[in-house]
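Taking it in order: structure first as structure tokens, then the write-up.
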Amino acid sequence: MSVSRNVTYNLVGSVLPVLLALVTVPIYLHLVGSDRYGVLAIAWLLLGYFGLFDLGLGRATTYSIAALKDADPQERADVFWTAIFTNIAMGLIGGLVLWAAADFFFDQVFKVDPRLRPEILASVPWLALSVPIATLTGVLSGALTGRERFLEVNTVSVLSTTLFQIFPIAVALAWGPNLSQLLAAAVLARAIAIGVLWWRCHVSITAGQRHRFVMSQARELLGYGSWVTITGLFGPILVILDRFAIGAVLGATAVTIYTLPFQLAQRITIFPQAVVTAVFPKLPTASPEERSELGEKSIRVLLATISLPILGMIYVLHPFLDLWVGTKIGPQAAEVGTLIVFGYWANAFAIVPYSWMQGSGRPDLVTKVLLLQIPPYLVLLYFGMKEFGLIGCAAVFAIRCSVDFLMMWWASRRRVHPVPLIATVAAPLLAGVILSNSMSYWDPLWWLSGLVLAAVVGLLCWRIAPPELIEKGRALLQARFGRKLRGTP
């Protein structure tokens, strides 16, 4: 199946849950109230951290099954069952640890309405049960991804998210907003998704094969997965460090100003993640030349498709935030936000060598690069905040994202050298950051500068885009408007 089709499946699977949440969260909040919703939010946050008991087996399973693409089906089944048995054991341990931790946390630490405390403590067993279900989902999805069953993975993902939102709402409508019942409904939704994933794994991987636990496979999976786990632990720390530091140095209001555009800019990663997820299963069996070709094409596709929307986001951020949150904090958030958006644009390209290294069996290199970044990032972050406030913090974030890409690319030791290509597009985007912040959007020059830069970025994207992408674009436009487009890049 083509990479472009798999990218489309991944995009739809990522975007639909976001759109669904926009509709259901206000309903959810109205039915259960802000206190219960806050408890649920903390509960899912705890569950997310305890997902580390997956030990990276989801990604390791994807890599191992993809590497056995043309091998004996029994070998793939051995990987699958070894991962499943190991994962169930770790998930149960994680669930027991979460049970003890959540009991203490919600009883002794988290400040809640005393009337809710019995509900919370009664719901902890359901939260603990969620851990093995969540970790098992990662392995089952990883196995199907390794077989490039992206349509099935994303269909189940959308189904799971839909049921995860609808079941608790239905329970709240029928029996009231009891936390224990809400969590039970959410667990049931995930369990249904597990059942569907298990069925598809049986069809694609295990049908007619023996159920075997292979110790040598377990060692390989855990060896690979341990590095993925460490990356999963420290990667998010790099992302959230700035907000913790801002809260400690500049105060809570500054955190709000910084977080608003940050949450918007995070959505930029949806498309790059969709691309590399589609490419990843091809990497374990690809030759060095094929990996280089896939990497160069991925970089060109990302440059050509996200750069113009990023410029638009840089300019639209000012009027949008003024309209969304008001003119009191909107202008400050927009100035910070343009730098954050640029940082996430640069970071989009780091995802390519990141996946290269994991897909080549070297997840340790990713972890080492991330660990090397933390000390200098902390120093620069503190200096930037003390000297320049939030703007300094955002600038350091953008620099860190750019350096992350350079370090990841250097560590991957690829033959392709995309830095000059990316720098060519980075120049007009940086100009957009400066110009959009230096003029009011009521000034005609603000609009003129945006149009000129859009023309420059658009031309660069056209020249950078792979021929296949241009042909697909022409075909779509021809089908939409019913006429043949002429011209060559």
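Glycine residues also receive a Cβ, built from the backbone N, Cα and C atoms like all the rest.
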Legend entry - Annotated range (TrEMBL: transmembrane segment) out of 79-100, 387-408: 79-100
Legend entry - For the transmembrane segment (221-238): best-contacting stretch of 79-100, 120-144, 333-353, 445-465, by Cβ pairs under 8 Å: 79-100
Legend entry - Same-chain residue ranges lying at least 6 outside the transmembrane segment (79-100) that approach it to Cβ under 8 Å: 46-47, 50, 52-55, 57, 60-61, 64-65, 68, 124-125, 127-136, 138-139, 142-143, 201, 205-206, 211-214, 217-218, 221-222
Inset, instruction - Mind checking which residues of the chain, 6+ beyond the ends of the transmembrane segment (182-200), have their Cβ under 8 Å from one of its Cβ atoms? - result: 32, 36, 40, 43, 123, 126-127, 129-130, 133-134, 136-137, 140-141, 144, 149, 152, 156-157, 159-160, 163-164, 166-168, 170-172
